[in-house]
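Engineer: Pasting a structure below so you can have a look.
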């Protein structure tokens, strides 16, 4: 019997990258999973009897509520965990080159959607007097020298929301934590972005930091989606009771600089 046997989990971004790895491992460990993504998941998930899926854009107003309603309909009234993994990157734009579209997209997907999903699951978790929320932030949540202003602001905001939710509901056995990945192999956070449009001047100011971190990869030190997934599932499980309001880097010490 897996360590997540009969857990009911909502996992966003479940069609690829960290979200796919998290959903796959959770199912292997006995969880029941409601996956969410703007793209269709692979057949390996669709064919699993304990996996249900909502295809939708989390930035649209009805989607967070529709996701939670679908989970309740599929698995009953209990929701043990919410894993906010879905995210989008920016074009590394500084505040002086930032477009309204990029700002609104990053804030909508990376901050507003996770907050609205937390708003939808908290009443259920309060009623059952338990629950665990894990948000995927970023190294950019801990630094101003990783990405553009939109992505950086959205992930800093998610860390603030995580801490507030953790403190507010700690007496009701509801936990809320965040992880901050660095560079992760096999992720699709740049999906839909044209890299030729990146703010090259802003990227240049960060080049030394990025080059230092990339040397690890040249030496064969890679962080895989499964590495992040296992940390997320540890935090959502009872094995991490007592860990609440934590912001945990998973970046092979990148966060130390």
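Glycine is treated like the rest: Cβ placed from N, Cα and C.
Feature list, courtesy of Swiss-Prot:
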TRANSMEM  7-26  transmembrane segment
BINDING   11, 119, 151, 155, 184  NADP(+) binding site
CARBOHYD  57  N-linked glycosylation site
CARBOHYD  92  N-linked glycosylation site
CARBOHYD  110  N-linked glycosylation site
ACT_SITE  151  active site, proton donor
ACT_SITE  155  active site, lowers pKa of active site Tyr
Engineer: Measure from the Cα of residue 119 (NADP(+) binding site) to the Cα of every one of the glycosylation sites 57, 92, 110, then give the nearest.
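Structural biologist: Checking each of 57, 92, 110 against residue 119 (NADP(+) binding site), the shortest Cα distance is to 110.
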Engineer: Taking the Cβ of residue 151 (NADP(+) binding site) as reference, which residues of that chain separated by at least 6 in sequence fall under 8 Å from it?
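Structural biologist: In sequence order, 88, 89, 90, 106, 110, 138, 140 meet the Cβ cut-off.
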Engineer: Among 11, 119, 151, 155, 184, which the record lists as binding NADP(+), how far apart in Å are the two most distant Cα atoms?
Structural biologist: 29
Engineer: By a simple count of other Cβ atoms within 10 Å, which of 11, 184, the binding-site residues in the record, is least packed?
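Structural biologist: With the binding-site residues 11, 184, fewest surrounding Cβ atoms within 10 Å: 184.
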Engineer: Which residues of the chain, 6 or more past the ends of the transmembrane segment (7-26), have a CB below 8 A from one of its CBs?
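Structural biologist: Same-chain residues near the transmembrane segment (7-26) but 6 or more away: 32-42, 44-45, 51, 53, 58, 67-68, 71, 75-76, 78-87, 113-114, 117, 121, 136, 181, 184, 186-189, 191, 224-226, 228-230, 232-233, 236-237.
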Engineer: So among the binding-site residues 119, 155, who's got the most Cβ atoms within 10 Å?
Structural biologist: 155
Engineer: Minimum Cβ neighbour count within 10 Å among the glycosylation sites 92, 110: which residue?
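Structural biologist: Relative to the other glycosylation sites in 92, 110, 92 has the fewest Cβ atoms within 10 Å.
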Engineer: If you draw a 10 Å sphere around the Cβ of residue 57 (N-linked glycosylation site), how many other Cβ atoms fall inside it, taking every protein chain shown into account?
Structural biologist: 14
Engineer: Going by Cα-Cα distance, pick out whichever of the recorded positions 11, 57, 155, 184 is nearest to residue 92 (N-linked glycosylation site).
Structural biologist: 155
Engineer: Measuring Cα to Cα, tell me the gap between residue 155 (NADP(+) binding site) and residue 57 (N-linked glycosylation site) in whole angstrom.
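Structural biologist: A Cα-Cα distance of 19 Å.
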